[in-house]
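Have a look at the structure below, then the notes.
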């Protein structure tokens, strides 16, 4: 017992000693994934320092008083990672505060004429009606999407002013000071977001779409290469238990399509915040909702990539010799699909239309090659052993017909004497016995043939599924191409020129990390 506690204490002490190093490495990794996080942290610290001057400097504190804390709260709540998110929350907070203050002044003006008891009843009824109506408005999809935070601030400010005005005499002065401090906090947030190393949501959405296309292209290419490699498919099942312990983030195939599958909320949030951003370049008036449609088409496309990845991990695998027959056409088709995705990514990154040469007939030719390869090997899917078993049954049937013909000839030449009759009965009994044996043997031969066919079909079925999924990627690629072409048309992309590709700087294809995008998005709630 003491030995067990000693081991537990030793392991706990080792974890405690390693904790500082792990924390430092984790913090360094967070900044390495996106260096803009460090810039944002510095901006928040600088904004808080500026707004704290309302407390630290005596002249400013005498003019604003204790309500300066509202400016600090505004900076903490409103200042977000991107300029669009800061504008969205800042304008929502400002509009909600102004509307709530104006309505509270109106309620106070009317309530003063009703007496003490009537004033309390009127304020209670106003709080109920305004609170219920504002809460119901939050369920409207448009309000929920664009102004939910502003409605929350409206409810908070209205109730604070209206209820406190019943007991506090100078509530209007307090409300005025709070409005000024909130305006100061919002002004500092907008200054830091728009003028000091601004981070634009529209640019993030644009880059995220490019990275998702590149990640899917890499996933398809790696998946097909691993399927036709000599060791990859066989080692998957042998090392399945070891892979469960490893992180899936290390798999390039998994990283490519996971970033696409988890991007719905990210794309919608970035498109919303991009619509709030001012015009800061000639590319900032893009149809951001079209980027969301491109992301939806990519998610539908990525479902086939997930299924292709699953083919690497099935228990029943097509033999290597059979896979080698179709290696060339499948790799070429995957290469063409990957090339189209990379061309779409390049066209969006460079804000130009797609290359017509790359998207012409290469995919169709690759599909025809795969179709010819499959048609050239019909025995693989129909089964050669099945034909052998069928031949065995045909031979047995021919022997049965020959026996019947001999029996008929014997009957026609039979004598009436006793010896001949006995010989005929003896021969007939033997033939009946052999016929009974054949009746028992025939179902057994049929079962053997069916079993042989099913085993061979099970070996060919995994490749048939893999090939059909590969063809399905081509079919779903059409919808992605249509959405990208529509994006180029609506956004006014420049026409394709061959010289454009010569001037393009090669960008390393890095799969976007989902946790980076999620951590950079603002949190929603009652702040």
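These residue numbers are counts, starting from 1, taken along the chain as shown.
Placed from the backbone N, Cα and C atoms, the Cβ positions cover glycine too.
Curation does not apply to TrEMBL; its annotations are automatic.
Per TrEMBL, the range carrying the annotation transmembrane segment out of 8-27, 68-87 is 68-87.
Within the set 180-200, 201-221, the record from TrEMBL flags 180-200 under the feature transmembrane segment. Transmembrane segment is the annotation TrEMBL gives to one range among 89-108, 149-168, and that range is 149-168.
Looking up the ranges 117-137, 222-242 in TrEMBL, the one annotated as transmembrane segment turns out to be 117-137. Given the ranges 38-56, 247-265, the record in TrEMBL names 38-56 as transmembrane segment. Ranked by the number of CB pairs under 8 Å to the transmembrane segment (180-200), the listed stretches 38-56, 68-87, 149-168 are led by 68-87.
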